Amino acid sequence: MQRRGALFGMPGGSGGRKMAAGDIGELLVPHMPTIRVPRSGDRVYKNECAFSYDSPNSEGGLYVCMNTFLAFGREHVERHFRKTGQSVYMHLKRHVREKVRGASGGALPKRRNSKIFLDLDTDDDLNSDDYEYEDEAKLVIFPDHYEIALPNIEELPALVTIACDAVLSSKSPYRKQDPDTWENELPVSKYANNLTQLDNGVRIPPSGWKCARCDLRENLWLNLTDGSVLCGKWFFDSSGGNGHALEHYRDMGYPLAVKLGTITPDGADVYSFQEEEPVLDPHLAKHLAHFGIDMLHMHGTENGLQDNDIKLRVSEWEVIQESGTKLKPMYGPGYTGLKNLGNSCYLSSVMQAIFSIPEFQRAYVGNLPRIFDYSPLDPTQDFNTQMTKLGHGLLSGQYSKPPVKSELIEQVMKEEHKPQQNGISPRMFKAFVSKSHPEFSSNRQQDAQEFFLHLVNLVERNRIGSENPSDVFRFLVEERIQCCQTRKVRYTERVDYLMQLPVAMEAATNKDELIAYELTRREAEANRRPLPELVRAKIPFSACLQAFSEPENVDDFWSSALQAKSAGVKTSRFASFPEYLVVQIKKFTFGLDWVPKKFDVSIDMPDLLDINHLRARGLQPGEEELPDISPPIVIPDDSKDRLMNQLIDPSDIDESSVMQLAEMGFPLEACRKAVYFTGNMGAEVAFNWIIVHMEEPDFAEPLTMPGYGGAASAGASVFGASGLDNQPPEEIVAIITSMGFQRNQAIQALRATNNNLERALDWIFSHPEFEEDSDFVIEMENNANANIISEAKPEGPRVKDGSGTYELFAFISHMGTSTMSGHYICHIKKEGRWVIYNDHKVCASERPPKDLGYMYFYRRIPS
């Protein structure tokens, strides 16, 4: 039976008031225009508050606005009422109780509310055999908190009844988003339901596979009809092979094959030769069991790697997660975990580290009232609001309370159970920060380092006034390139947010052990014997730091002194030191087969780090600078005709490509220019533009484009005229110089063609003999300076320079063979002790594996 108790007390107010039957219709009349029935495109948030992690399971329940369908906890619903004037909310409450035990001790079947069933997608485990729940819904009218119990068909207007039913039966907005997160959804094979499988006694071993017709041990496919193991071919697998699986299909006609090494409890890569495309096999577990493969106990070995590669890393998982030790759970402010949404541990680890930094705490949680009060009408789509919500959830301690013995006894006596919070769910945060990114918006595992840069980019773009907490990571890198032939040098600076440290494998201190282990491992694999105990390479941190500072060769370096390509050498130094230094260990690389591989190494990362010796010194006495001349770009004739068509409206720039480039560490404005000047042809093409132009002085300056007017008359410029007769507008000059031509070329070409961009380009291509006329250039520059008001010099990059001495306070570790798989956890030093954050589990760390980390966070030691 539905519980009809009074509404929990509102903030600073009394409990709810119940209405007499005759008053309900009259009370709702003034609010009817604001009550809506959810349409198909509306998102109904009835699982989680927009400002907090309150849910229907929370003590105060959840309030769903009957106009916007946003949800608010008890502490935040008044804010929404004051801001919007919306008065009618649906209050949802789920009561969880311990099940009544039968005479034999078994739990009785779960009871549900006979009138109300909320289709809630909460993260609490309410399907346990020990608990049952009862759902309650009512309409609440603000500001007097009048309550109308639901359902109430007899007394409510028809529109209100329809709206309430639609809200109660609506699906979670995150479920609606799920289909969009998967690209290229595969069709179900028409052969899967009635697939013939031969009873030939074939049993497939868990490892040691080999093509039945050649010696290949990778890219192997198991035919699901006869159990043949044969190699694939590049056109449907993209990793090479001799095509024996396809030949077998042509000979026998058996249509389906599964790629060995991709089988997991969640599925596998299945290909249909008959349908000529990857497909889904809904009966895959049954088809694999026919050949002795237990799909539920298989672990994927990505891209054809052997299962032994996974077994070798068992010790890595155990060490990083501190398995085998009894870890003490931590509760309270700063000790709240994040639930895993399915491959979301990369996000959880980064956010735990981010919100352990005081500058981020102050910028978001410290400004919580202001950010929440001035949030847009839909706070679920506001970055600063969702950052503040997440930060408060992690730091407040509100969702990390230890169980109290007296409360447990009282709950047992009342047969009621209040679920202990096992962390908060970052669903709303992840949905927003990943929606514009093709990778992070998927449900696949991602690289924590890439997400860190993605987050920094979002912080930069959504800065709160003059406050930008990501400034603590920003530093300047000085790159010195020397032409080996002329010995002349060029110094440039760029902005970066993390230090990428190479793994100096050649400096391993246990080389003899590694060689012996590798020989033993190969012999064991060949003879199918148990693998030897893992021997991990031990790399001195000093060797990695030395590898970072050593000069590197620059292939195809264009020397402006020679006006030709030459050998070059590049060295990198810190032009400034950040307040917080993030160090990424470059553990991941690609093998000869382009398969991602991970260096399984142990590096003695220091607790105290001094990199003052890496401070940049700039141009040294006796050094001669390379001339400031850009390399020419050769554009084929057929490209000239398309050049003008590639220029797009700046408002149509592909922001996803811009963000992908920005996450590589390039300035945001440079990324926008790269995407613009390559005609929205994708991040890869834009990246090539960046490589060519990154040394130009205006590389990071904002993209400024002239407006396009109506059709120009013959011989007239398509751009607006400048204040000086026939003086080329700076915007047009910038377009041409961004294509690699010299400034004086651009100016003379535009003057010769009356500032017509297309004709100016043709003029440049038809005058290859053009040489710089210094008198002409000087005269023109003087005229330009006399007639054009120069803008103020743009503010330089914001950096917080200081000493290069640091102490370690957090690190993120990765377990697995690739950034696209495995698991991430985070260790943070708080209150003088290390704490392990493993998704929703937060415990005191006994043996923090500082030598196995992937990303390290250092804070500056005040000098």
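Glycine too: its Cβ is placed from the backbone N, Cα and C atoms.
Per Swiss-Prot, the residue from the list Lys18, Lys99, Lys405 bearing the note SUMO2 cross-link is Lys405. Taking Ser114, Ser238, Ser323, Ser651 one by one, Swiss-Prot attaches phosphoserine to Ser114. Record note: of Lys171, Lys311, Lys570, Swiss-Prot gives the feature SUMO2 cross-link to Lys311, with no matching annotation on the rest. According to Swiss-Prot, of the candidate residues Thr122, Thr262, Thr492, Thr571, the site noted as phosphothreonine is Thr122. Between the binding-site residues Cys211, Cys214, Cys231, the minimum number of other C-beta atoms within 10 Å of a residue's C-beta occurs at Cys214. Under DSSP, Cys211 (Zn(2+) binding site) is assigned to coil, being neither helix nor strand in the three-state scheme.
Distance between Cα atoms for Cys214 (Zn(2+) binding site) and His823 (active site, proton acceptor): 36 Å, as a whole number. Take the mean position of the Cβ atoms of Cys211, Cys214, Cys231, His244, the recorded Zn(2+) site; other residues of that chain with a Cβ within 8 Å of it are Ala212, Arg213, Asp215, Leu216, Leu220, Leu230, Gly241, Asn242, Gly243, Ala245. His244 (Zn(2+) binding site) counts 21 other C-beta atoms within 10 Å of its own C-beta, drawing on all protein chains shown. Counting in whole angstrom, His823 (active site, proton acceptor) lies 30 from Cys231 (Zn(2+) binding site) by their C-alpha atoms. For the zinc finger (187-295), residue counts in helix, strand and coil come to 20 helix, 21 strand, 68 coil, using DSSP. Broken down with DSSP, the domain 'UBA 1' (652-693) shows 30 helix, 0 strand, 12 coil.
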